[in-house]
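**Q** The structure that follows is given in the form of structure tokens.
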């Protein structure tokens, strides 16, 4: 699966990023998301596979395309059955966020990207649109930090594992009222805080790359993005833990349902028997082979955003494989029209 689909999923996120980037700075976050969804789905349907969306734009009645349960790929099309022999058929589960950080795109801010993760069937946790408490840290701190420990304890552990003072650590936290106490604790411990308005996938995986000046992600964000982050962190060897948050009283507002009971039922309907379980990266992305791909829409810590020029654009993407244990940055020049995409070496 790695060799067959790796390059194609790069093109999937590239097309989504280019489509969304055309709406950068126009204040139209919904449009920026919609065009990314359409572009991602169109390119995905050209891949020789039978794919199933396990994390997408919402449940079937909430989204017109890339909804949870939707099948994508050539081998799901009625007129392509002859092309898809059973013994050669690749069946995969897919988690997507065609425009992570819609507000960032709408207002021309840094950090938005098109992302997806894939694995063989059953290899990704099907997480509904609830929240997730998250902890991401560098590989050297893997299995030493713990989401059930305080921020102060975890910062001390990270500083010891990295052989640096707590004051030299930078922790990314989403700028939300629910994180007021967490932010205060991190600062009192001596570490520095980088607040972000949206898009915590990039922050999570940046912990696994030296030189990003990001050493931890803490706090509560969306669960679907947590699974996508876990897919990347599993392949990179970084630390990631997530615990589903299904009680609206904890977050006050956002993605989840009207009551705790409603959300518990939704979790059970999706096969999650223990809603309080703490998952690690290997449990959130448990497949034998896991691939992660992202393409910058606006500039970020890891990738440049889409840069347009007359009749073309330049993108920077990242593809991570658990099988080959590699993270590849791909710099691509796209010549619009009939000219094929050129990849810079």
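Cβ coordinates are placed from backbone N, Cα and C, and glycine is handled just like the others.
Note that the structure is predicted; figures quoted are calculated from it, not measured.
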**Q** Quick one: which of 8, 225, 261, 273 does Swiss-Prot put in the Mn(2+) 2 site with 97, 100?
**A** 225
**Q** If you measure C-alpha to C-alpha, which of 176, 178, 199 (binding-site residues) come within 10 angstroms of residue 100 (Mn(2+) 2 binding site)?
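**A** Candidates kept after distance check: 199.
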**Q** For a quick check of packing: other C-beta atoms within 10 Å of the C-beta of residue 178 (substrate binding site), how many?
**A** 16
**Q** Taking the binding-site residues one at a time (33, 97), which has its Cβ surrounded by the most other Cβ atoms within 10 Å?
**A** 97
**Q** Listing them in sequence order, which of the binding-site residues 97, 102, 178, 225 have their Cα within 10 Å of that of residue 57 (Mn(2+) 1 binding site)?
**A** 97
**Q** Translate the DSSP assignment of residue 57 (Mn(2+) 1 binding site) into the three-state scheme.
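**A** Residue 57 (Mn(2+) 1 binding site) sits in coil per DSSP, no helix or strand.
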**Q** Return only the integer: C-alpha distance in Å from residue 225 (Mn(2+) 2 binding site) to residue 178 (substrate binding site).
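**A** So the alpha carbons of residue 225 (Mn(2+) 2 binding site) and residue 178 (substrate binding site) sit roughly 18 Å from each other.
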**Q** Would you kindly give the Cα-Cα distance separating residue 97 (Mn(2+) 2 binding site) and residue 178 (substrate binding site), rounded to the nearest Å?
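**A** A Cα-Cα distance of 24 Å.
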